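Undergrad: This is the structure, below, for whatever I ask next.
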Amino acid sequence: MFTDACASLDVQSLFQRISERDLLPSSGGHVSVAGGRLPFVGEGKPVHGRPGGGAKYFGADDHGNSNCRADFSCIIPDILSSPAIPGNIADIVELLKKISLLLSENVNRKKMQSYSRIANHILNSSIISNWAFVKDRNASSILLDSVNLFAGKLLLRNGSESVQEHFISIKGYSIYKNTSGKSFDFSMEFNNTGEITGHVVIPEEELLKLPKTSKAISIALPTLGAILETNRLDPVFVNGMVLSVSLPEELQHILLIFEKVNKLESVKSQCVGWHSTERRWDRRACKMKADNISSVVCICKHHRRTFKSFSILMSPTVLRNAVLDYITRVGLGLSIFSLVLCLVIETVVWHHVTKTEITYMRHFCLVNIATSLLIADVLFIFAAVVHNTALNYQLCVAATFFLHFFYLAMFFWMFTLGLLILYGLLLIFFKITRSVFIATAFSIGYGCPLVISILTVAITEPKNGYLRSGACWLNWHETKALLAFVVPALGIVVVNVVVVVVVVVKTGRSAVGEGCKSQDLSNMIRISKNVVLLTPLLGLTWGFGLATIVDSRSLAFHVTFALLNAFQTREALRMNCISSKWRCSLAKVKLGVCWGFFFLP
């Protein structure tokens with residue numbers, strides 16, 4: 001098959017050799033095979049496209065045996081001698097797909113053995129890294145679907161069948177309505193891959209649903225999980241074998257027991273099913289029944305069109321840090337309490353602190369910042385509940401949409417406040433009416449976030465790229481939907497940095513020319529206070545918060561962001577609430593209380 005060590009497989013030629021022996025017409029032309037049309041090369045002629053291959057004939061192997069269609073034996077030597085380079089991996093996946101779709105009638109033991117040997121060649125643990133360079137990112141998912149389809153049609157001799165290779169195992173049994181109170185157990189073991197095991201258990205209550213004797217097939221794939229990771233690029237990895245099942249429609253729930261590959265006590269596992277349509281791991285398919293250091297027990301729902309393959313996931317990026325968890329809980333509680341108190345105070349003192357146009361506009365912005373942040377905090381809790389309890393996918397999409405909207409609204413209202421500060425400093429003689437300001441502020445504060453949020457979900461959700469894996473939050477690895485939050489937020493942070501600089505320069509210049517040198521220190525303190533108050537107010541320290549979602553494995557980013565925001569809240573409260581002059585500090589109290597602290601998912 002090869003002219004050199006890097007030669008590629010000829011899929012068309014291989015497929016013709018195993019499909020046309022018994023279907024050759026009496027004359028030239030084309031022949032239809034199960035709905036597909038294959039080019040016909042006259043009988044007795046060499047196969048086209050095989051350089052230096054000699055005169056191998058359709059349906060015959062190297063020894064002249066015409067049983068290739070019966071068990072695919074004639075192509076096995078060529079497959080196994082080919083290097084598992086990315087191009088050949090893609091060709092073999094395509095070949096297995098063709099076989100599954102067009103040649104899956106009468107799948108006996110020999111046929112299944114040949115098919116398994118072909119699949120085993122590209123499932124070898126030593127070539128997993130080569131999958132990363134396969135052009136079709138869905139190749140591993142296509143392989144899984146093809147194996148499930150072909151193995152599901154395995155014929156059983158005497159009520160059972162078993163085919164075992166190093167990296168794929170298929171077992172089939174006849175099952176029947178059981179009134180003895182016993183369940184049915186498939187045991188799958190692989191000694192050459194670190195003695196990893198798995199069990200498929202059909203509970204007795206499910207067996208009672210069977211109207212007649214039926215067939216149950218189980219497929220175990222110890223390395224496919226790592227291959228799926230290579231192509232999916234999710235921030236999680238499979239920590240057990242992939243178990244697929246082909247069961248009668250009456251059986252809807254099964255019990256799966258997975259042995260963990262990496263037995264890490266501090267990291268929890270997730271039971272998942274492979275969504276064959278959306279081509280992703282879905283936590284909705286399974287529920288956790290038990291989890292210990294060595295194994296996981298999952299209860300999963302089987303559906304022949306959606307969920308047929310299952311495994312367990314663990315995340316290397318989950319930060320199991322008690323201090324960080326404590327800071328997050330306390331900080332979220334402090335944030336909600338502070339924001340509610342802020343809005344209550346604003347309601348009580350509104351008429352006292354909004355006597356001028358500029359103060360009205362400033363407090364109007366601050367109230368909307370506090371409201372957006374309060375709603376975002378509540379939605380953060382709701383999204384965590386949706387995520388942890390594995391509620392429906394649409395609910396997670398809705399939670400993410402509103403989280404995205406209100407987080408952006410908070411930033412855009414801070415942007416509006418920054419523009420208002422510039423207006424107060426630089427455009428002293430230009431006056432805007434209250435109605436014009438409110439219309440403009442609402443357009444910026446809520447209009448811009450709404451447009452961005454709607455466009456993000458409309459563009460990414462049809463391709464199932466809106467949500468990230470394992471969380472109700474924007475996707476990063478596949479569609480980069482997270483940029484719809486990061487880019488506007490960072491842009492506003494940059495603008496507000498400019499605002500802080502302008503405030504500092506303007507305040508400094510106002511002190512120039514004052515005769516009393518003793519006021520130098522006072523001026524520096526005043527400038528410092530402006531920076532300290534404007535920085536938390538305008539969200540400049542959110543750079544650390546954005547870093548936590550880009551590099552979620554960095555504990556330093558998480559702790560820095562948490563402590564910095566906590567420090568700001570405490571200092572603002574201390575500086576503004578502890579005052580003997582309520583009249584002078586009334587507006588400042590709101591500032592300190594309103595900046596509750598908050599964490600990105």
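In case you wondered, yes, glycine gets a Cβ from its N, Cα and C as well.
So TrEMBL says this about it:
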- 175-320: domain 'GAIN-B' (DOMAIN)
- 324-580: domain 'G-protein coupled receptors family 2 profile 2' (DOMAIN)
- 330-353: transmembrane segment (TRANSMEM)
- 365-385: transmembrane segment (TRANSMEM)
- 405-429: transmembrane segment (TRANSMEM)
- 436-459: transmembrane segment (TRANSMEM)
- 482-505: transmembrane segment (TRANSMEM)
- 531-549: transmembrane segment (TRANSMEM)
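Show me how these features fit into the structure around them.
TA: Tertiary proximity for the transmembrane segment (436-459) is limited to same-chain residues at least six positions away from its ends with a CB under 8 Å from its CB atoms, namely 361, 364-365, 368, 372, 397, 401, 404-406, 408-409, 411-413, 415-416, 419, 466, 474, 481, 484, 488.
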Undergrad: Treating G and I as helix alongside H, and B as strand alongside E, what does DSSP give for the domain 'GAIN-B' (175-320) in helix, strand and coil?
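TA: Here the numbers are 16 helix, 67 strand, 63 coil.
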Undergrad: Should anything in the same chain at least six residues away from the transmembrane segment (405-429) have a Cβ under 8 Å from its Cβ atoms, list it; otherwise answer none.
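TA: Contacts of the transmembrane segment (405-429) (Cβ under 8 Å, skipping residues fewer than 6 from its ends): 358, 361-362, 365-366, 368-369, 372-373, 375-376, 379, 440-441, 444-446, 448-450, 452-453, 485, 488-489, 492, 495-496, 499, 502-503, 506, 534, 537-539, 542, 600.
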